[in-house]
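The structure under discussion appears below in the form of structure tokens.
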Amino acid sequence: MRKPLYLLASAISLMIISCFSLAGIISCIFKGPPQIKVEHHSELDLDKNWHLDEVFILMGIFLYVASLGSSSFVEEEQYIWHFLTSTLYLIFLIKTVQSILKESNSTLVHRSETKTFHKNNSSYLASYKLIPGQQDGCKLYTVLIVLVAGRILRAWYQGGINWVHFPDISKILNQSDSSIVKSLQTISVLAVVVLYSVSLMLLRTRRILIIGLWLSHLSCGLLVMLHIWKSQVDTSVPINNHSTTSIAQIFYVIASISVTCTFLLSPWIFPTHSKEAEPTSSSGSNPEKAHGLNHSVFLTGVTYTMFWCLLQLLLQQPINAVPVLLILLQIISSVIYFSLEKSLHRQWVQVVAMQFLGMTGHFGLGNTNSLASIDVAGAFIGISSYSTVLSGVLMFIITYGSPLLLYLGMVVHMSVKDSNDISTPQQWSSVLSRMIALPCLLPLLVNSIALTSYTIVLLLMRNHLFVWSVFSPK
């Protein structure tokens, strides 16, 4: 078979050019327009030195790209992502402890300035004021939650392809009584419902849409629990019969209506422009408009994230209920940590850290680079007759549930960013680039680098013995 190498090389050249172009766009966005005032930048933005977490991320991406050339590392890719994520958050923990010790040794004047800074900070979660000691404890606890949850995810599925015989938590649960697995599923569903209720309480409003969203989410949670307890005894495969199909279809309808109404109506509940929200200071900055934007984005992000979790609890294998909850706890902990520790990590570090969590959760749900690990049974839940399109969509949702969940979590992360200065079109442009463009384009750049690198590996390994069994499925 004749291989058109020049066509493949040309395609790879275009991919490389696109990667450099995307990197240039992100670099321009990260530097920001020159008309933005210097006082609006944090000390970290003005610091041109490289920090340990930034160097580790770049070295980690290089390590991941280099590992793609090994068939064994491709088969056991989960080890790379578990190492990168746990080490990165361990660095966060070290930097947080160093920051706390540094603040404890500071003068009383500096401590009072820090309090004033936090008081004037318009970030959404920061409006719930904590004393410095509580903030320090909260920052430590959130990082520890991410590390502990990551270790449990690591133990849930020990092996990938070569070491699938290793003992792990999932195998123990498969061999245990089905009531234990169903109880874990029920606890996970209740935890998601409670977390969404707490999130809505943070908005401190009782508008009709908020109450409706809470009732619809509660209804969906009850439907998921009803579906769990109507399923058969087998804990390894979701069962699909007439009653459970009807339950799943009702769930799809309620969830679709809820997320659509949230997207369309949240800007009207928390408007970013109103008569009461006109600039009142000479600087033109408007906290009311900033809060309206933050609240709207927060409501949209947390609603999509929580409904997505319930969808995953419905479609995933029963033994994956706890991993889904652990991934959600990692998202919430990361959002809280980054909202309290703005001056310690650059925004691109925060975005990449959450993307690392998504990839770690992908393998924490039992996925591998083998086509045999794709969950086909869950793709027919709620489908009364065979449909290639619908089952394909559900299969995609199950397979990439964790990365997509982290991307939805980034919407919540965007809502806790500062957005004071939105009184002019230039300031609106800066807010949109910081809140939307960078979180969207940076994961795209990381994925583009990985895709381009692996395409080069495929070209070099085209005559390898495992090209169809290992490299091509990846």
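The chain as shown is numbered from 1 upward.
Positions of Cβ are set from backbone N, Cα and C atoms, glycine also.
Per TrEMBL, the feature domain 'GPI ethanolamine phosphate transferase 2 C-terminal' maps to 54-474. According to TrEMBL, the transmembrane segment annotation covers 6-30, 51-73, 79-97, 183-203, 208-229, 249-271, 292-315, 321-340, 393-416, 436-461.
Here the transmembrane segment (292-315) does not touch the transmembrane segment (436-461). Their Cβ atoms form fewer than 3 pairs under 8 Å, with each pair 6 or more residues apart.
Most Cβ pairs under 8 A with the transmembrane segment (321-340) among the ranges 6-30, 249-271, 393-416 are made by 393-416. Between the transmembrane segment (6-30) and the transmembrane segment (183-203), the number of CB pairs under 8 angstroms, six or more residues apart, is fewer than three, so the stretches are not in contact.
Same-chain neighbours of the transmembrane segment (51-73): 79-81, 84, 87-88, 91-92, 94-95, 162, 345-346, 349, 352-353, 356, 446, 449-450, 453-454, 457, 460-461, 464, 466, 470-471, 474, counting only residues six or more beyond its ends whose CB sits under 8 Å from a CB of the stretch. Through the fold, the transmembrane segment (393-416) approaches residues 123-126, 294-295, 297-298, 300-302, 304-305, 308-309, 311-312, 315-316, 324, 327-328, 331, 334-335, 338-339, 350-351, 354-355, 357-362, 364-365, 367, 374-376, 378-383, 435-436, 439, 443 of its own chain, all at least 6 residues removed from its boundaries and within a Cβ separation under 8 Å. For the transmembrane segment (436-461), same-chain residues at least 6 beyond its ends with a Cβ under 8 Å from one of its own Cβ atoms are 5, 8-9, 11-12, 15-16, 18-19, 22-23, 25-26, 29-30, 61, 64-65, 68-69, 347-348, 351-352, 355, 407, 410, 413-414, 467, 471-472, 474.
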